[in-house]
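**Q** Got a structure here, written out as structure tokens. Questions coming.
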Amino acid sequence: MSALKIYNTLAREKQPFTPIEPGKVRMYVCGMTVYDYCHIGHARVMVVFDLVQRWLRASGYEVNYVRNITDIDDKIIKRAAENGESISALTQRFIDAMDEDAAALGVQKPDHEPRATNYVPQMLGLIEALERNGLAYKSSDGDVNYSVRDFPGYGKLSGKSLDDLRAGERVDVNTGKRDPLDFVLWKSSKEAEPDEVKWASKWGSGRPGWHIECSAMACELLGQQFDIHGGGADLQFPHHENEIAQSEGASQHTFVNYWMHNGFVRVDNEKMSKSLGNFFTIREVLAKYDSEVVRFFILRAHYRSQLNYSDAHLDDARNALTRMYTALKGVAPDQAALDMTEAHALRFAEAMNDDFNTPLAVAVLFELANEINKTKSPALARQLVGLAGIVGLLQRPAQQFLHAGLANGEDGEMETFVVEQIEARVNAKKAKNFAEADRIRAELLEKGIILEDKPGGLTEWRRA
């Protein structure tokens, strides 16, 4: 079996993975800013890095996985004011919602979920270190900014040179800055802001900037240098670039060894945005599709590729997952342990060790399903369930998935309806009213239900 290789955004190539401490992996992922419900782009970040930590653990590593929560931000302050509620109430409500969404998608809890507001002292210490190193200055408006041009390595992650950069999207233009590209480390308090977003500091009352939050939490929980830092491609610049500048500017050594970024999510080949009316929260998607279908849809694409969300692609994912569960119906896995030396398992591991190549890994799962259809082998069923379980799939009884409603919450009503229709069809056949029996079968098929007549008069059903 080949060793794990990871595409390192910083190096712009796949590299063999060698942790700082043998057998142990320290990993940080940028989490959610909790002022609204999580959308399908957040779902991809959750599922992708859940996959990464699952495979690392399955490979024998001891993993310390940190995914932060941004619970102080301009958007949070604005939303709380609009709602007329406290910031703590707003953020707790959406943290609870985020946890529910993550659990529905089969995302395991990180080892640590630090909230930014609990790490302000560490942020202040980091800013003081930057000031001592000549990289931070207080501007005329009271903010403390980072002097980008005084950090020689700025731009190495994004591949952008300072001369090519301009103050654009997500880069504040502020007349108090020495350079438009400088970014805020500490925001001075505004009179209209609530007291719960004001902290005392040597520079005056204020609150942390977005970028310093992640640097401080990561270094506090994982050390000044750690193995993997992940997040969405949209965070590569400026957020992750600025994290490097802050962390390495303070410590004077490498911050992160491997940078991982998952690709964008598009909707029907367009950028997802509220203005285009194609913005979907996880909850909206789960109202239409089973949560495992959504997870499978995300995992079928390579994490670095663009993911195109559409009903057609979700329908295809549901049908594909149905094929695998159908293969397991009536074939109970044997009780032996998963055999990672078996041929399918070796190919699965090869795929996962090749920068978490889930399209190839999923192809191996389909090969197993096809062989189970032919052989009805309990040993192969065990391999399929075991390998799929590593990536958080196929862990329900087959009949439970095959009977599941299109949307979460519909299962009970749908099952009752189908059972009643099957009984009516049985009675029609007993009365030799075969036209009525055929009509019931056709009506159920229109609703996405397939009936399968078995010996002895038994009828089973599943989703199409």
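Keep in mind that glycine also has a Cβ here, set from the backbone N, Cα and C atoms.
In case it's useful when we look at the structure, here is the feature table from Swiss-Prot:
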- Cys30, Cys214, His239, Glu243: Zn(2+) binding site (BINDING)
- Lys274: ATP binding site (BINDING)
- 32-42: motif ''HIGH' region' (MOTIF)
- 271-275: motif ''KMSKS' region' (MOTIF)
**Q** Count the other Cβ atoms sitting within 10 Å of the Cβ of Cys214 (Zn(2+) binding site), across every protein chain shown.
**A** 29
**Q** Could you give the mean pLDDT over the motif ''HIGH' region' (32-42), rounded to a whole number?
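**A** Averaged over the motif ''HIGH' region' (32-42), per-residue pLDDT gives 96.
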**Q** Cβ within 8 angstroms of the Cβ centroid of Cys30, Cys214, His239, Glu243: which residues besides those meet this for the Zn(2+) site?
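**A** Same chain, not in Cys30, Cys214, His239, Glu243, Cβ within 8 Å: Trp210, His211, Glu213, Ser215, Ala218, His229, Gly231, Leu235, His240, Asn242.
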**Q** On the three-state reduction of DSSP, what should I expect for Cys30 (Zn(2+) binding site)?
**A** coil
**Q** Using a Cβ cut-off under 8 Å and a sequence separation of 6 or more, which residues in the same chain sit near Glu243 (Zn(2+) binding site)?
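**A** Glu243 (Zn(2+) binding site) has long-range Cβ partners His211, Cys214, Ser215, Ala218, His229, Phe255.
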**Q** Let's check the environment of Cys30 (Zn(2+) binding site): how many other CB atoms sit within 10 Å of its CB?
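**A** The answer is 23.
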